[in-house]
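Asker: Okay, handing you the structure first.
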Amino acid sequence: MGRTTIVLLSLVSLVTVAVTGYQVKPANYAKLLDQQEKFDAAFEKEFYVEHTKYVETGVMSERLEELFEHIRQKPDMFRKEMDDHPLPYLTVECTACRALITTYLTYRRVLGWSTAQIADQATSTCSTLGILTPDNCRKLVLKNIDILLYIIDNRPSLSAQTICGIIFQSGTCVLQDPAFLDWTINVSGGGRPITGSVTSPNRAASDFKIIHITDVHYDPHYRTGYNAVCGEPCCCREGQGIPADPANGAGEWGDYRDCDSPWKAVEDAVRAAARQHPDAAYIYYTGDIIDHGVWETTVAGNIVSMTRTYQLFRDVFGSKPVYPVLGNHENNPTNVFAPSYIDREDFSASWLYDFSANQWASWLPAATQQTIRQGGFYTALVRPGFRIIGMNNNDAYIFNWWILYDPAYLQAQLQWLHDTLLQAEAAGEKVHILAHIPIGAGTSYRTWARQYRRILDRFWDVIQAQFHGHTHADEFNVFYSLSNPQAAISVGFNGGGTVPFSNYNPNYVVYYVNPQTYQVTDFESWYFSLSEANQNPNRAPIWTQLYSFSRDFQLTNVSPASLDGLVRRFASNPTELRRYWELKVKRGDPFLAAGCNGDCLLGHLCQIVTNEANDDSKCNALAAIFRNLDDELFREGEEEEDDYKK
């Protein structure tokens, strides 16, 4: 797998989306960590010795081939977020990370390797691990290497253990550096005490509707009939040729097999949402317009794709306000959002912030321009008593290399969020927060997530809902109080995605919102079957309702209290939990064919309630209930796991 060297860390992480679910840790996890630490220490020393011999002689020893084979993993990991990898995968990835980064740090800091030497060797490693074609390995290495070497050269104390501890924060790499663990923001006193889980009104005829669209991932290089089984992290592209077997060709409306969206599918999704919900008051867009062909993105190309997409929203929704936020794919290189004080033009995201400020000006008040140009975030008063905060939390994504340079630079936007909420509280306003990366166990940097949770505790009665994207899964997260862990205080709703990458059907979500409290009272998802659409390529896809949440799960509302109760129902009722999983994956045919055994279901259950990496308390409580139900659920996947270990 490619999330491994100082340069190659970017190769696979740039193209991943969540598929499996949070990985539940075994009871003897602490002992396993201790054993793995000893193994990793020995492995990285041996790898450095063998790799150095290879560099000096040009001959790869049999032992080095064995070491590379140990860290090479299954291609299906390309499409998964880091915390969605099974623990055996995470363990190997951590080993690889430690070995490769230690080796490359030594080449740079001790042996004084040049940028060109590092780039050549990183390209070789990428090719050896089979991550991309050699040519595309080279392209992606060159896109990231200057940033990574700048960070490494200017942070001489930065170690492999710290780097891997940031990237694998939920894995067997343990972050120990206090500089990355201990920073805080200032949280004001006051606020209403948290005495229990938050309730909300039931859905009513007076509720207004919000359309949530996310993750269109428009690929201007998508070509119907081109190779959908290309062997790279992103397929169906014109440069990848037409396959000999027509069954391996890209579908007319998209493809389950690691492919992004053709323009006609992007346009159809947006127009379908507007056509089916003409009474919607607002539209939320939570990021990721740009495709997954991360080795060949350019600023100019990204601008073309974003301009076309934003214009589509203006054309389709007319005068209705659209509230957008940035996705991690919008910048070039993908994922990297430098601190504002980094003024090197080739490192700065200022071009993206200025472009966004100009594009969003038709939807947002003039007062938002300053913070958008500063860092891609804003706040806007939607109507008296109702405020939106649009965050750029891509800076806290664990694949944003600038966290390694200065983790504390993330304080600034969080402090602004706190101060904005304090002003909203004083004005009697209620708030919706929009952000691309879901906050929780996923790939939000753990210290950032902890500070965000402190804000959530303080302003639980101001923040009425959170809206995310990124994972492409139609899911939700329940947030629990730090000070009163039994209290469910907020919900994060995920809009899924109109892109099928990977194995999903396209969807969007519609929320019903109480006009007095601005709480979400119910939500429904709309989707189409990609298989059916591609079997009928000459007509538009048929959009139908995937679910109406309260109806399908027999709830009176979707408050934090109600969804907390549903989660506990899931723990004791695998049939209901499986139903949730089917809806979460949007009935994608490949998912349904593969199924989801007991461990898989438990992972999805835990993902709902995990608010911070390595905080497994809620997960463990639910697992204790779920594992006692039916051992047959957990025997289904043992054969597959044994095959992997072999």
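In case you wondered, yes, glycine gets a Cβ from its N, Cα and C as well.
The Zn(2+) 1 binding site feature in TrEMBL is assigned to D215, H217, D288, H472. Here TrEMBL flags D288, N328, H436, H470 as Zn(2+) 2 binding site. The disulfide bond annotation in TrEMBL covers C126-C137, C230-C235, C236-C259, C596-C600. Feature annotation from TrEMBL assigns signal peptide to 1-21.
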Asker: Whole-number answer please: how many Å between the C-alpha atoms of C126 (disulfide bond) and C230 (disulfide bond)?
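Answerer: Between the alpha carbons of C126 (disulfide bond) and C230 (disulfide bond) there are 17 Å.
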Asker: Do me a favour and check the Cα-Cα span between C230 (disulfide bond) and C236 (disulfide bond); whole Å is fine.
Answerer: 8
Asker: Enumerate the residues of the same chain, D288, N328, H436, H470 excluded, that satisfy the criterion Cβ within 8 A of the mean position of the Cβ atoms of the recorded Zn(2+) 2 site; list them in sequence order.
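Answerer: Filtered neighbour residues, in order: D215, T286, G287, L326, G327, H329, N394, Y397, I437, G469.
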Asker: Tell me, how many other CB atoms lie within 10 A of the CB of D215 (Zn(2+) 1 binding site), whichever protein chain they belong to?
Answerer: 29
Asker: Under 8 Å Cβ to Cβ from D288 (Zn(2+) 1 binding site), same chain, six or more residues apart: give me those in sequence order, or none if nothing qualifies.
Answerer: T214, D215, V216, H217, G327, N328, H329, E330, H436, G469, H470, G497, V499
Asker: How many other Cβ atoms are found within 10 Å of the Cβ atom of C600 (disulfide bond), counting all protein chains shown?
Answerer: 20
Asker: Under 8 Å Cβ to Cβ from C259 (disulfide bond), same chain, six or more residues apart: give me those in sequence order, or none if nothing qualifies.
Answerer: D219, Y222, A228, C234, C235, C236, R237, A250, P500, F501, S502
Asker: Including all protein chains shown, what's the count of other C-beta atoms within 10 A of the C-beta of C236 (disulfide bond)?
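Answerer: The answer is 28.
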Asker: Work out how many Å separate H472 (Zn(2+) 1 binding site) and C600 (disulfide bond) at their Cα atoms, rounded off.
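Answerer: Roughly 17 Å, rounded to the nearest whole number.
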Asker: Inside 10 Å of the Cβ of H470 (Zn(2+) 2 binding site), count up the other Cβ atoms and send me the figure.
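Answerer: Result for H470 (Zn(2+) 2 binding site): 30 neighbouring Cβ atoms inside 10 Å.
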Asker: CB neighbours of C230 (disulfide bond) within 10 A?
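Answerer: Total other Cβ atoms inside 10 Å, all chains included: 21.
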